[in-house]
Every structure is written in C-alpha cells, then in structure tokens.
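Listed in TrEMBL for this protein:
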type: DNA_BIND; residues: 29-72; note: DNA-binding region
type: COMPBIAS; residues: 299-315; note: compositional bias 'Polar residues'
type: DOMAIN; residues: 27-71; note: domain 'Homeobox'
type: DOMAIN; residues: 74-275; note: domain 'TLC'
type: REGION; residues: 283-327; note: region 'Disordered'
type: TRANSMEM; residues: 123-142; note: transmembrane segment
type: TRANSMEM; residues: 149-168; note: transmembrane segment
type: TRANSMEM; residues: 207-226; note: transmembrane segment
type: TRANSMEM; residues: 246-267; note: transmembrane segment
C-alpha cells in the first residue's frame, strides 16, 4: 500500500480493471449460480431468451470473467512483496551461512548429530521461512487458479513437511542449505515479473533468462550433487540409517522430481524464445485455466512474458504467481 503501489503508479501502471460487462440479471444469475463458461446448448437457450446474438452472450461472459481477475497494479504489488521477501531472506541466508562450517563442508551437518546447538539466528531463519511457505499454502486457494496448481500444492506440502520435520529432528544444518538454495533463483523470477508489468520487455527477458540459468544450475546441479549427496550418502556413512532417514530423503527426492518438471518447462520456454524470437505464453503457473479464447495474445506481442489485450500477465512465479511460480 505504501511502497509497492506508489512505485507502480510512478512506473505508469494504472489501477484500472478490465472492461466491465453490461448489467444483466439473467446472465448474472447463470454466471454466479450455474456456470462461468456456458456450453453451446446453454448459449443457444440464452440467445432465444434474451434475443441476443450468441457472440454477444459469449462476449458478455468473457467480460464478466475478466472482472474477477486482479489488475496489473495488484499483481505488481504482490510480486514486489515476494521479490522483497525472497531477496531479503536469501541475503540473510547467505550472510548467515558464509560463516557456518557446514556451508563449506557438508559432512559437518552430521558431526555430533543430534546434539547440535540451535542458535537464535538459525532459529529465526527457520521460522521466517516456515511462516512464508504456510502463507503461500493458504493464499494458493484464493489466488487465480493456475495450470500448475497441483504441482505447487505438492511442493508447498513437501516444503512445509521438510522444514517442520527437520526442525523437530534437529536437522537444521542441512535444512538451511536446502532453504538458501531454493531462494537463490526466486527473486530473479519476481524481478522479471515486475519488469514485465512495467513493460520493460528487454529487462524482463534478461531477468527471466538469468532466472532460468540459476534455477537449472541450483536445482539440477547443486541440489542433487551437494544436498542429496550429503543426506543420502554422507549421513548414512557418519550416523547410519537413523529411523527417519527414509521419510526425510523421500521428501527431498520429491522436491527433486518437481525440479526436473519445472526445469523442463523453463527449457521449453527458452527454446521457443531462441527459435521464434518470442514466446506467446509460458507453460507454468500464471496462465489461467478458464476460457482460453479470452486470453489470445496478439502476434505483435514480443518477449518471453506476454500480456493479453486485457492486461493480464500470461507468465507467472517460483516458479509463481508470470507463468512460473513462485516456488
């Protein structure tokens, strides 16, 4: 309200929603009580009842659906909040871990386990991350439903489970490595979304490409060869197969599967950009599932993030909120 909104207004982002549908009690009742996307048979019936052309009724439902979508200003403010959090928590994590011995030698995560001290800095790092992911879990049900809703739901469950489980079992050292690694790319995605909403397309594309590189390096390189290596092999070697070993590593492997899925989507989007010079839409989370015809992007729209004629963003973050979500 006091920071993001003034920034958006200074960048020329208007607080105006899409075109509002013409008031009509019959169509409004159908929209709210029966369906938001009527089929052909229902359209024909409404056409006869109202003496309206079918195309006019379709247009009315399209406009009515668009009324419920958040404005570009609202999405800018949400992305700016997430960008601020991700950048702050990543900076805090790097500063904290830089002096931690287990950051440089992962075997330190298991020495003297489970009798390892829980410092105040480590405690607040954990609690802040847990609170944020719980907020993402709840807000997912009130935000626009996205194509990767189920994947993000599983991701949030696995993340909350891992944070809680590792805290209860005092596996916080390796937990901080996982958290910091996941925060490394998220703020870049939110920066790309902010540039997209402000219509700085080249800056948006640059941030997105940087996000893609960092995401793939951290999630397909560092995570399996650094994190999974220490939780699967070094822990087994140093402290043996502790009772919760299978559950803990099962959750971590679940995250790796999600990383592979998202990396595939990022690579596919980037390859389209290289081959065609543009991408009409992304394959992740900010694409809405309702009514494809209302979000057709004009051929003149350039860049990795494309904006439909009503101003709605076609590409989220992680990976999302941009076609990617916020992870």
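Here the Cβ of each residue, glycine as well, is placed from N, Cα and C on the backbone.
Sequence-remote contacts of a segment are chain residues at least 6 beyond its ends whose Cβ falls under 8 Å from one of its Cβ atoms, and for the transmembrane segment (149-168) they are 126, 129-130, 133-134, 136-137, 140, 174-175, 178-179, 182, 244, 247-248, 251-252, 254-255, 258, 261-262, 285, 320, 325, 327.
In the domain 'Homeobox' (27-71), helix, strand and coil residues by DSSP number 32 helix, 0 strand, 13 coil. Within the model, the DNA-binding region (29-72) carries an average pLDDT of 81.
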